[in-house]
Amino acid sequence: MTELPDNTRWQLWIVAFGFFMQSLDTTIVNTALPSMAKSLGESPLHMHMVVVSYVLTVAVMLPASGWLADKIGVRNIFFAAIVLFTLGSLFCALSGTLNQLVLARVLQGVGGAMMVPVGRLTVMKIVPRAQYMAAMTFVTLPGQIGPLLGPALGGVLVEYASWHWIFLINIPVGIVGAMATFMLMPNYTIETRRFDLPGFLLLAIGMAVLTLALDGSKSMGISPWTLAGLAAGGAAAILLYLFHAKKSSGALFSLRLFRTPTFSLGLLGSFAGRIGSGMLPFMTPVFLQIGLGFSPFHAGLMMIPMVLGSMGMKRIVVQIVNRFGYRRVLVATTLGLALVSLLFMSVALLGWYYLLPLVLLLQGMVNSARFSSMNTLTLKDLPDTLASSGNSLLSMIMQLSMSIGVTIAGMLLGMFGQQHIGIDSSATHHVFMYTWLCMAVIIALPAIIFARVPNDTQQNMVISRRKRSL
């Protein structure tokens with residue numbers, strides 16, 4: 001890193017800044033949801049669409065981001081991503097209704113979807129390949145700090161200012177980032193093949209309509225027959241994409257990916273697994289504030305052990321997988337995450353609050369080992385010619401499954417909490433207890449898929465740093 005020219009180091013700082021903005025916004029909102037609900041006159045049990053709208057938009061837009069960067073230029077697209085993200089933040093802060101806030105989050109999601117993948121592409125173009133890993137480690141470090149800082153910062157802003165400030169703080173930072181991008185970042189472009197617009201539209205419509213059908217009756221009052229029609233339309237769009245991909249050589253995602261058994265199994269397991277684990281970052285701060293009466297700041301602080309556990313486990317997960325194998329690790333962590341979720345609910349409802357940080361630390365560790373194992377299992381056997389496409393599809397599936405998970409969590413809360421419930425009341429405790437029990441079952445189910453993972457054929461390489469001799 002020290003051998004790089006000054007202008008290249010500045011460009012890496014810009015990319016790192018984008019990673020930080022996107023990762024911070026992913027976690028800072030969850031802590032503020034109950035306060036948003038009170039301000040907007042909504043039930044806190046129906047605020048999940050604020051999260052779903054952002055994550056689903058990221059999932060829909062991810063496949064287009066890389067092509068746009070190659071065609072229009074990394075500087076232009078990264079600049080546009082920061083501008084859209086900043087404008088979305090402004091509109092979020094100005095929102096007076098839940099529907100306005102959801103639409104503003106969609107605009108934010110368009111910017112967020114382009115920021116991270118285009119940032120990775122930028123690093124690949126501006127640094128020598130030998131220094132790529134060191135550069136990516138540098139730019140992704142702020143992205144790891146964002147989830148650690150987000151919940152606590154969100155709690156402070158909500159408790160001592162208002163929820164609007166979790167979006168307003170993005171505006172001056174976004175303006176500086178956009179100006180730096182425009183002035184310092186080169187606009188690399190390359191020849192691109194024709195974009196698969198029909199395939200993109202089919203996937204986008206299928207994902208959006210199926211998610212809407214899953215939650216439409218609770219959040220929008222859509223009739224059952226209309227929901228059935230939406231579900232059928234979404235499924236038809238996905239099936240039409242499969243037919244299109246089979247016939248087209250330039251499809252967005254080639255069906256040749258699924259000839260690799262571990263990719264097919266890993267992708268299915270990742271989709272099912274992240275539906276369950278995607279509920280936890282949304283449900284935990286809502287449960288702490290609405291179910292137990294914690295302040296926003298206290299609830300935000302309680303999320304920090306979970307992030308610390310996740311970051312700490314990443315250092316040893318490769319050794320664990322090499323020792324026990326993918327199948328055992330994935331089955332054990334999947335069932336373990338379900339049990340830890342039940343333990344968290346039990347400890348909280350029993351009033352043993354001093355144990356909550358320890359339980360959340362354990363939850364973060366188990367979840368991190370599971371995530372890392374799912375990701376590497378999915379991609380490890382793909383040929384080089386399909387690795388980029390497979391990684392893009394996995395990224396899209398990760399975001400889609402998280403949005404479905406939050407949608408299901410909101411649906412469960414709405415189903416068990418039909419009438420208005422008070423903070424830290426007996427009725428509220430029952431609503432969250434039934435919801436967490438259902439979540440534990442959903443989290444545990446992917447163990448059936450992971451039990452079919454074949455035996456490992458080779459071990460993963462452990463990257464270690466040699467100590468310099470004195």
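Cβ from N, Cα, C; glycine included.
The annotation topological domain 'Periplasmic' is assigned in Swiss-Prot to 1-11 (among others).
Among the features that Swiss-Prot reports, topological domain 'Cytoplasmic' is placed at 33-48 (among others), with the record citing sequence analysis. Within its own chain, the topological domain 'Cytoplasmic' (33-48) is flanked in space by residues 95-98, 101, 158, 162-163, 215, 218-219, 282, 285-286, 289-290, 296, 406-407, 409-410, 413-414, 417, 420-421, 431, which lie at least six positions past its ends and keep a Cβ under 8 Å from the stretch.
Among the features that Swiss-Prot reports, topological domain 'Periplasmic' is placed at 70-76 (among others), with the record citing sequence analysis. Residues in the topological domain 'Periplasmic' (70-76) partition by DSSP class (helix H, G, I; strand E, B; coil) as 6 helix, 0 strand, 1 coil.
The annotation topological domain 'Cytoplasmic' is assigned in Swiss-Prot to 98-101 (among others) on the grounds of sequence analysis. Long-range contacts of the topological domain 'Cytoplasmic' (98-101) within its own chain (CB-CB distance under 8 A, at least 6 residues past either end) are made by residues 36, 40, 42, 46-47, 49-50, 91-92.
Positions annotated as topological domain 'Cytoplasmic' by Swiss-Prot, on the basis of sequence analysis: 159-164 (among others). Same-chain residues lying 6+ beyond the ends of the topological domain 'Cytoplasmic' (159-164) with a Cβ under 8 Å from its Cβ atoms: 32, 35-36, 39, 93, 295-297.
Confidence over the topological domain 'Periplasmic' (186-196), given as mean pLDDT on the 0 to 100 scale, stands at 77. Per Swiss-Prot, topological domain 'Periplasmic' is recorded for 186-196 (among others), and the stated evidence type is sequence analysis.
Feature annotation from Swiss-Prot assigns topological domain 'Cytoplasmic' to 218-224 (among others); the stated evidence is sequence analysis.
Here Swiss-Prot flags 246-262 (among others) as topological domain 'Periplasmic'. Taking DSSP states H, G and I as helix and E and B as strand, the topological domain 'Periplasmic' (246-262) has 9 helix, 0 strand, 8 coil.
Among the features that Swiss-Prot reports, topological domain 'Periplasmic' is placed at 307-341 (among others), with the record citing sequence analysis. Long-range contacts of the topological domain 'Periplasmic' (307-341) within the same chain: residues 27, 144, 147-148, 151, 269, 273, 276-277, 280, 359-370, 372-374, 376-377, 436, 439-441, 443-444, 446-447, 450-451, 453-456, 459-462, each at least 6 residues beyond the stretch ends and with a Cβ under 8 Å from a Cβ of the stretch.
The topological domain 'Cytoplasmic' annotation in Swiss-Prot covers 363-395 (among others), and the record cites sequence analysis as its basis.
Swiss-Prot lists 417-430 (among others) with the feature topological domain 'Periplasmic', giving sequence analysis as the kind of evidence.
The topological domain 'Cytoplasmic' annotation in Swiss-Prot covers 452-470 (among others), and the record cites sequence analysis as its basis.
Taken from Swiss-Prot, the feature transmembrane segment applies to 12-32 (among others), supported by sequence analysis.
Summarising the annotation, Swiss-Prot assigns transmembrane segment to 49-69 (among others).
Annotation source Swiss-Prot lists transmembrane segment at 77-97 (among others), citing sequence analysis.
The transmembrane segment annotation in Swiss-Prot covers 102-124 (among others), and the record cites sequence analysis as its basis.
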Item to complete: For the transmembrane segment (49-69) and the transmembrane segment (431-451), decide whether they are in contact, meaning at least 3 CB pairs lie under 8 A, counting pairs 6 or more apart in sequence.
Response: no
Worksheet, complete the sentence: Beyond a gap of at least 6 residues from its ends, the CB atoms lying under 8 Å from the transmembrane segment (225-245) belong to 198-199, 202-203, 205-210, 212-213, 216-217, 251-255
Discussion item. Check the transmembrane segment (286-306) against the transmembrane segment (197-217) for contact, please; criterion is three or more CB pairs under 8 Å, pairs 6 or more apart in sequence.
Written reply: no
Worksheet item: Can you find at least 3 Cβ pairs under 8 Å between the transmembrane segment (431-451) and the transmembrane segment (77-97), where each pair is 6 or more residues apart in sequence?
Response: no
Discussion item. Cβ pairs under 8 Å only, please: of the recorded stretches 77-97, 102-124, 138-158, 165-185, 197-217, which one is richest in them relative to the transmembrane segment (12-32)?
Written reply: 138-158
Practice prompt. For the transmembrane segment (165-185) and the transmembrane segment (197-217), decide whether they are in contact, meaning at least 3 CB pairs lie under 8 A, counting pairs 6 or more apart in sequence.
Written response: no
